[in-house]
Protein chains: 2
Amino acid sequence: MDKNLGQAPVQELALVEKQAFEMPVYTTQNGSTIKQLKVGWEAYGTLNADKSNVILITHFFSGTSHAAGKYTADDAAPGYWDAIIGPNKAIDTNKYYVISVDTLVNANVFDKNVITTGPATINPDTGKAYGLSFPVVTIADFVEVQKALLDSLGIAKLHAVVGASMGSFQAIEWATRYPDKVERLIPVIGTAYIDAWAAVKLERWAYPIKTDPNWHNGDYYEHGQPKQGLVTALAYIIQDAVFPTGFNMRYPAPATDAAPHNNILASFSAWDQLMQHAAMRAEVQDANHILYLIRASQLYRAGMGDNWQQAIKNISAKTLFLPATGDQLLYPAMAKASVDAMNAGENHAGAKQADYAEIPGIWGHLDGVVGIAAVADKIEALLN
Amino acid sequence: MDKNLGQAPVQELALVEKQAFEMPVYTTQNGSTIKQLKVGWEAYGTLNADKSNVILITHFFSGTSHAAGKYTADDAAPGYWDAIIGPNKAIDTNKYYVISVDTLVNANVFDKNVITTGPATINPDTGKAYGLSFPVVTIADFVEVQKALLDSLGIAKLHAVVGASMGSFQAIEWATRYPDKVERLIPVIGTAYIDAWAAVKLERWAYPIKTDPNWHNGDYYEHGQPKQGLVTALAYIIQDAVFPTGFNMRYPAPATDAAPHNNILASFSAWDQLMQHAAMRAEVQDANHILYLIRASQLYRAGMGDNWQQAIKNISAKTLFLPATGDQLLYPAMAKASVDAMNAGENHAGAKQADYAEIPGIWGHLDGVVGIAAVADKIEALLN
């Protein structure tokens, strides 16, 4: 990271403030109605006079709109992409107004810095949590809510949309639905479609929740969460996002455990520690929200119709796919197939629009978050 | 596969017969006693006079000793490695006496052609199924039972041990424990150790069984199996053994399903079909046996002690590791690390013993079974 030598020094962002955006009523893609919809958002940098310097950051499955900076000076860590978002960083807040929005059905609904609407929200019509009466929402709904927020701010064009993983789905959907509004597109550890393999893999995250006797078909808000199912789901999510090399650095080898040789019910330290790690995350998460995020992810394909390969040709944004080499969840071949579909046959000016580069690292999918600095120069180059 | 041009033509094996081997008492590695232990075995080819032409085939997790040939002319399919085992094939039954043994706690305990001892077996002391009172058994136990059978046949040396996946563990353990008895070793889609990542991944197969209310802590033999848990576990095993390319050829894309857009509980056809496929397998399998196979696999490392890298140096067999390029379960890096440990530092004659080659294909781990013909020449070369 010598890129700033001889340039303005990298500085820290000013303290970040969470803001709320509310819609009196929102109609979902499947025709349902959500009243008093609320989502949180935050922004870094300054909106210019003609509102042409906006970069939208769309967040991943387990993430929130907290992409950079700190809420208070005492925060243990800044937002997840602080390595690339800030003054004189790759996504330079001295130039750009960077905005990020909590999705609908955000996983971290009980985090005090998250504002979202989903199954854990009180339905104003009943005074009780929605539970499974909350409608299925899709990546297109996430995008429409973001668009309503941007419209309310008078922002008509995006210099770029950049998002990791489930954030890549939102970014691609923005560029597919609103090709004239999105000038640049960077899907990180992303894909334009979920295939059968990935949909089943995601369903396996849902299984421990749905089979937890405390789930009560999603109607648990008066009993307490299906804790074991939720924690197990989060453990699976953690593992599936990490390449074995990184995972094995973090969790002890089976040879360290004696009990499993003698007791079929004894567990391995690696499992126990993973579950503890997951349990900490579960403190602020909601089991039904996880189910809805799984569903939104499973259903994703560019344009949300029958033919994502056709829909993706709609995109006119200059595009750079950045998969992680060791990704075993949204594996690089998916990004490659997405790029190929964008560049195939006759396209807008017949020109190649989409580029592809891999993020190196030992963390697999997670390298799209913790290893993002490795491609900071590529991101900066596409933006400028 | 032109290798037989100008050579003797490939022929079919004679019909295969399952035989039973019984031990009045067997003491496990953890010091428990199993009375009237029985396992099935089968053999192809003819044992020569000095019993020096024996090749042992050790089977994979979901497999049985049925490695080649047919039991009756009407069998729908031959044994799983029939492509490489038979007259004039890579493992040539005109030259070799090829023998294969059902493991303890074999998954397919209710298959009429499988003979095994495990939690579903009646404990002669109680007249009831063992359930979880069956001792934890390890890969070393599988090997010791095989050795007892070979001893009973007067076979003191193995020309080679060849096994896929969990079969590779047995093959490696043979060569580690009995270096003077094993002349050649071919671990296919294999590894000399299970790491934290793989142990946790395997634990995820156990979870649906252990959380099925019909599991009753393993004591279900009078109530009926924990069917849902078993089928789900088998579905995960099927998926984890298959690379996405192959999986997506077999199961429909999410875009073919309308219901999941409107109903959070609606499932995808890919999931439903995978579960149907798993349910067919479950017909002859036992949930507790799956748990015991998971445990045996989780505990595997060469020599079964604290330091597999040291233990594996014991091996004097000429060795060829054959991982599958797309394997996401026992990924090629594990085979590479195993080979490196064998070849590291001072070894027997200081010579490089272990070679490495990858099996190409679109099926991932499963290529070690369905794609084995691609490396038939390499196997043949090592054996001859």
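Cβ coordinates come from backbone N, Cα and C, glycine included.
All annotation found in TrEMBL is predicted automatically rather than curated by experts.
Per TrEMBL, the features are:
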{"type": "DOMAIN", "residues": "B:138-232", "note": "domain 'AB hydrolase-1'"}
{"type": "ACT_SITE", "residues": "B:Ser165", "note": "active site, nucleophile"}
{"type": "ACT_SITE", "residues": "B:Asp327", "note": "active site"}
{"type": "ACT_SITE", "residues": "B:His365", "note": "active site"}
Calculate the distance in Å between the alpha carbons (Cα) of B:His365 (active site) and B:Asp327 (active site), and round it to a whole number.
4
Kindly assign B:His365 (active site) to one of the three DSSP-derived states: helix, strand or coil.
helix
Which whole-number value in Å describes the distance between the Cα atoms of B:Asp327 (active site) and the residue listed as 'active site, nucleophile'?
11
Which residues does B:Ser165 (active site, nucleophile) neighbour through Cβ under 8 Å, counting only same-chain ones at least six apart?
B:Phe60, B:Phe61, B:Val188, B:Ile189, B:Gly190, B:Leu329, B:Leu330, B:His365, B:Gly368
Using DSSP, what is the helix/strand/coil residue split across the domain 'AB hydrolase-1' (B:138-232)?
50 helix, 13 strand, 32 coil
